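Just below is one structure, and these are the notes that go with it.
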Amino acid sequence: YYTPDYDTKDTDILAAFRMTPQPGVPPEEAGAAGAAESSTGTWTTVWTDGLTSLDRYKGRCHDIEPVAGEVNQYIAYVAYPLDLFEEGSVTNMFTSIVGNVFGFKALRALRLEDLRIPPAYSKTFIGPPHGIQVERDKLNKYGRPLLGCTIKPKLGLSAKNYGRAVYECLRGGLDFTKDDENVNSQPFMRWRDRFLFVAEALFKAQAETGEIKGHYLNATAGTCEEMLKRAIFARELGAPIVMHDYLTGGFTANTSLAFYCRDNGLLLHIHRAMHAVIDRQRNHGIHFRVLAKALRMSGGDHIHAGTVVGKLEGEREVTLGFVDLLRDDYIEKDRSRGIYFTQDWVSMPGVLPVASGGIHVWHMPALTEIFGDDSVLQFGGGTLGHPWGNAPGAVANRVALEACVQARNE
């Protein structure tokens, strides 16, 4: 399974793994074992190998390079033939590529750094339900980032007070407010009550400001059926957008919801709760840029992508790398930004990156410069923490944004 002379095909799915072999295990052996375990191999030779063409179906570790400045760490490049994967299933792709190999004895640690998805495969996915351009047309908002706000305290408000907070923020000038990812349907606020009060707030703010407003109604639930029930109710109320936690909810549920949203004209906001469990470690897990690519294939119109400046972790160049992977059609390989492969999305719509987490109005110049127009800037405490209240907090954010955009345009 270690084939250094292999030339990759345009249809191969390419993976870059950062591997730390156990002491005494040569990197070639570790790379080959990983390629085997995540494709056709098993721990021994079996009779039934003779009944198929392993040359056609096996994953190949075709290049290994040491990581600069690290002891006993290597980047292993593995190519997988397209036939190993079910079309249109992120779930199956991850089950194959990262399903078993991370528990391997020969490896002390393993991290999936990047994936190259060939157009032949990405074309089998729904992708974002609408994409950036359609969203701007639906909202009739152009030439500036969109503003959001997560309603806090995240848990404990009654539905009516929650609706009031939503109204104040939207009335003050925000484009969106957001259910916190933990808000599903708890005893103090059942989902249907929340949806009803929020819809009222939405239409009242819309009527008073003459702008289209949205609130990310969190449809995440314990079962797929319940999730779709909530999305359907949101659509019946006339809400423009719903929300889903794609890692805790799972890719299967997420893709089902994306299909529903596309068919019914709902935008889909994606929250990445649980991502740090998977991507925080430097040498083990899956890098967020892979999770971001997976989301673009599975379907979502917004996704949280770190801030570069707030309370949560994120390095600037690397963050910008996966922001481009979310928005652009064609992204060149660039190792300085952690992009191991050139990625061609052909015509798959883009996803709006959402900057959220510990940012406030003083960060606005930096945020508009870093993220550009196609983004959503979300201030939770940065709106509701205003000493004069929610609406003035929203006004402050909107004024700051307009000022930054005007300064840039002049």
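We number each residue from 1, going along the chain as drawn.
Positions of Cβ are set from backbone N, Cα and C atoms, glycine also.
Swiss-Prot annotates N100, T150, K154, R272, S356 as substrate-binding residues; of H302, H304, H386, the candidate listed for that same site is H304. Between the alpha carbons (Cα) of S356 (substrate binding site) and K152 (active site, proton acceptor) lies a span of roughly 13 Å. Taking each Cβ in turn and tallying the other Cβ atoms within 10 Å, the top scorer among the binding-site residues K154, R272 is R272. Cα of E181 (Mg(2+) binding site) to Cα of H271 (active site, proton acceptor): a distance of 7 Å. Taking the mean position of the Cβ atoms of K178, D180, E181 as the Mg(2+) site, the remaining residues of that chain whose Cβ falls within 8 Å of it are T150, I151, K154, D179, N182, V183, Y216, N218, M243, H271. The two recorded residues K178 (N6-carboxylysine) and T150 (substrate binding site) have their Cα atoms spaced 5 Å from each other.
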